[in-house]
Amino acid sequence: MPSAFQFQYHLVLIFLAASKGETRYLEVKDANEDEPFLLLSEDLKRELSAGQIYRRSLRCIDMLSIEGQFTFTADQPQLNCATFFIGEPEELITIDYSFVNIDCQGGDFLKVFDGWILKGEKFPSSLDHPLPASQRYVDFCESGNIQRSIRSSQNVAMIFFRIHQPGNGFTITVKKNTNLFPCNVISQTPSGRFTMVIPHQHRNCSFSIIYPVVIKISDLILGHLNGLFLKRPSAGCAGVGDFVELLGGTGLDPSKMFPLADLCHSFHGSAQMKIGCDNTVLRMVSSGKHINRVTFEYHQLDLQEAESRKENSIEEFCFPSI
């Protein structure tokens, strides 16, 4: 039996294999499923007309980035299963229970989680999510027909389930909805460009990239003066009220990551940073007094870039993990 760490590490690899414009296959060894995981391509999305519904079976461990109807039927007892859902940054995910046949009294369960959990860590973190941790779980065995439709608060969600009796299972329908002001986001790709806007809201928003990256901030509007500060034990932006911080680490939860740099004040120009950590997060803290906005672009960091230093780059971090 694989350890819990190995199991969750495989899930990270599944995510890392997802890339726009390609169909990727990843064989996961030591897991319950022997077949490779099919990650849906942009070509398939274009082929589906507006009137069609995409349908396929779910595997015990799976990842979905497309709308459709998905069915899981147990062919043997399945005790540790999960499906991860991810959309574009500006999308929310709605999961509807179309059909459920599980034995709640016999120990089966089917739960939706608002966000992702990997290695015991949550995204968004409990500090940044609008709901308390207990309300981010929707358990079918407890809610039944009361709540058969669940919408995520960001572009990622997941279900995890346990089914003992072969032949039992469920069908879900997945839809995407537009989010006008995306807050917490996990990037589908190792490169891209994004503008985060928080309009007079007292909230914290994180953009997570599960790759070592070069990140370049080109525009930051916080409503006050110019400045850029590296994180130091006795310094930082905690007393400012509105700021952006860059975080790096190996886990998923931004609150458990290492703070690398603070950007306390507005500026127009370019601030670049090489971050060799497994996960990079840009996090905006907003007091609600301003319309805060940050524009940034990022691309995956390779070994050649890690070895070359540029004068306009902030100090590099985490390179031993590359």
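Don't overthink the numbers, they just go from 1 along the chain as shown.
Each residue, glycine too, has its Cβ placed from N, Cα and C.
TrEMBL names the disulfide partner of Cys104 among Cys81, Cys141 as Cys141.
The disulfide partner of Cys264, as annotated in TrEMBL and taken from the candidates Cys237, Cys277, is Cys237.
For Cys205, the cysteine that TrEMBL lists as its disulphide partner among Cys183, Cys277 is Cys183. The Cβ of Cys60 (disulfide bond) has 19 other Cβ atoms within 10 Å, all protein chains considered. For the domain 'Corticotropin-releasing factor binding protein C-terminal' (185-306), the model's pLDDT averages out at 85. In this structure the C-alpha atoms belonging to Cys81 (disulfide bond) and Cys104 (disulfide bond) are separated by 16 Å. For Cys183 (disulfide bond), the same-chain residues 6+ apart in sequence whose C-beta sits under 8 angstroms from its C-beta are Asp128, Ser153, Gln154, Met196, Ile198, Arg203, Cys205. With a cut-off of 8 Å between CB atoms and residues at least 6 apart in sequence, the same chain places Ile102, Cys104, Asp108, Phe109, Leu110 near Cys141 (disulfide bond), listed in sequence order. Within 10 Å of the C-beta of Cys205 (disulfide bond) there are 24 other C-beta atoms, taking all protein chains into account.
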